[in-house]
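What follows is a set of notes on a single structure, which appears directly below.
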Amino acid sequence: MGLLSDPNRRRALTKLLTRLNAPICVMCYLAGVAWFMGLAFEPFTLRTYMSENAMGSTMVEERFPAGERALATGREFAAHKKKVGGMPVDWLVKTMQSRGLEVFTQSFTRKLPFPDENKERYMVRGTNVYGILRAPRAPRTEALVLSAPCSEGNNNNQAVGLLLGLAQYFRSQIHWAKDIIFLVNEHDLIGMQAWLEGYHHTNTTGGDWSPLQGRGGSIQAALSLELSSDVITSLDLVLEGLNGQLPNLDLANLFYAFCQKIGVLCTIQGKLQRNDWDTTSGYSHAAQTMMLMVLKQASGRPWGDHGLFLRYHIEAASIRGINSFRQYKTDTTTIGRLLEGMYRKLNNLLERLHQSYFFYLMPSLSRFVSIGYYMPAFGLLAVILLLHYGLQLHMGTKIILFGEMSSGVLSILTPVVISHMTGVALYTLPILSQEMAVQHFPVSETEAVVLTAIAIYTAGLALPHNTHRLLQGEGTEEGWRVLKLVALLYLAVLLGCTALINFSLGFILALSLVPIAAFITPHTPKALSAAIMVLLSPGCTLLYCVFLFQELQETPVSLQDGWMLFLSVISQGILDHALYGSLVYPLLALLIYPCWLLLWNILFWK
């Protein structure tokens, strides 16, 4: 404190930071990247452990015997699905009723803002079927959910069969203290969204659905089951939900504990855990697993039906059966025993899962990185913005900000307003102008939306260019310094708030935006600086993430295929926002892109 209170020492420290500003910023950036990459190294991570006392032991006896019968039920479900060309509602209702459940249906309709070409749908109509097993030993104020989506073709028939088999087996048990809801939802996330909104009496996305006639208690936890093979080699745990939300870590710990107990191979991000962490290949494997989780979380989309439960503070995850080339095989009976054990433990909960972490990264199922370990990586990047903010104040801008209103302050209003108007256009016009684009150009509705978004994004490079001169004529030296102060503070607050909600998204944006925000000025070489800014823009960052995701999944694509995936990601991002309320697209369009345009204005300030 004495160093900061002494004017002479404070002045000397300011001069030192001003002189060494660039080296310090480079070191902070490299340290932030190194810190993040070091998180995958096992000695720097924590071993997973069960925090919830009610689930602290796996000492329950799993007795589910009806795996073959469940597969036969799945084949019967597939035959009826093929016969009716969709969800066999009547057959499901009769089958659930025969197993002693209270059975209800919910119809829903949803018109998409533009056709989803990936799944070839526009006007979606469907029916959800669910049965409730009432708790025989409790006042029925709490519930658990087991769901299985009714997928197209031969997908997920085994999951529905196992769900019905577990319903029949659970009906014969007397120890249930919570209602158990067995849900078969149609049209994947759209059906799940309709059911959850109906269950909680909300309508946040404008869907049209019939009210639910039957309800259980307050839902404590949920699992979504995806099985498309009679025999599987491993079970993959999917955690990433809407807007980067994650379930309580104890739910992942519970899955891993029962996999270890029963002897089932388990993976996360489709990757098995390795024990050779002290080798280069072992570290690389853990880093790839962690980076896959970061990219999925940053996308903001739900990666399974479980992802929509998290919005309602319901801890949920998806379990996917994988049938690969591995020699190890697991039958349906074993999977049923695993699910039985998990629900027996969840049945013991006296309150919602809350004692473990909600913010974490997982390089493997047995190790995790808590928020206290990974936030310093982002903090090192954010420090760069604060250092440059202080530098701008030291170089004379403080008088402008806190003194009288000058032309330097007024000259920044136009670029700020036009940059945000461009962001509003990027957010609204692609969907509003799709009909006009289809009428005048030979493109489909989906292509019109994506190409309009790209056109507005590209046009934004020219629209705010030198717009400061519309208000005050030629720009001043004070003007660009004030604009940079605004941009630095704006970006620091924006990235900080984003990282608190979705660390992965905030960190990826910081990697690309912090360098240009720190070093861009009107005095840098125009051509080189413009090229670097475009390469580090939000759109190009998204393109790099598409190629990186494919590489990490060990499915590399060509430049042409990568570009098509990039276009598909844009359309899916807009759809996810319209259908489920994903915030990534409005964040990028309304806030991140305008902030980048402010930096673009600084580069071409005259």
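In case you wondered, yes, glycine gets a Cβ from its N, Cα and C as well.
Heads up, TrEMBL stuff is auto-annotated, nobody curated it.
Beyond its flanks by at least six residues, the transmembrane segment (20-41) meets 277, 283, 286-287, 289-290, 361, 363, 369, 373-374, 376-381, 383-384, 387-388, 391, 507, 510-511, 514-515, 518-519 of its own chain at Cβ-Cβ distances under 8 Å. For 20-41 (among others), the entry in TrEMBL reads transmembrane segment.
Annotation comment: TrEMBL describes 371-389 (among others) as transmembrane segment.
As annotated by TrEMBL, transmembrane segment applies to 409-427 (among others).
The transmembrane segment annotation in TrEMBL covers 448-467 (among others).
Through the fold, the transmembrane segment (487-520) approaches residues 22, 25, 29, 32-33, 36, 243-244, 293-295, 297-298, 300, 359, 361, 371, 374-375, 377-378, 381-382, 384-389, 392, 529, 532-533, 536-538, 540-541, 545, 584, 587, 591-592, 595-596, 598-599, 602-603 of its own chain, all at least 6 residues removed from its boundaries and within a Cβ separation under 8 Å. Taken from TrEMBL, the feature transmembrane segment covers 487-520 (among others).
Residues 291-292, 295, 298, 454, 457, 461, 508-509, 511-513, 515-516, 520, 557, 562-563, 565-566, 569-570, 588, 592-593, 596, 599-600, 603 of the same chain lie 6+ residues outside the transmembrane segment (527-549) yet bring a C-beta within less than 8 angstroms of a C-beta in it. The transmembrane segment feature in TrEMBL is assigned to 527-549 (among others).
A Cβ distance under 8 Å defines the sequence-distant neighbours of the transmembrane segment (583-605), meaning residues of its chain 6+ beyond its ends; these are 243, 298-301, 415-416, 419-420, 422-424, 426-427, 457, 460-461, 464-468, 475, 479-480, 483-484, 486-487, 490-491, 494, 498, 505, 509, 513, 516-517, 520-522, 524, 526, 529-530, 533, 537-538, 573-574, 576-577. The transmembrane segment feature in TrEMBL is assigned to 583-605 (among others).
Only residues 6 or more beyond the boundaries of the transmembrane segment (371-389), in the same chain, are considered here, and those with a CB under 8 A from a CB of the stretch are 17, 21, 24-25, 28-29, 31-33, 35-36, 39, 44-46, 357, 359-361, 485, 488-489, 491-492, 495-496, 499, 503, 506-507, 510-511, 514, 517-518.
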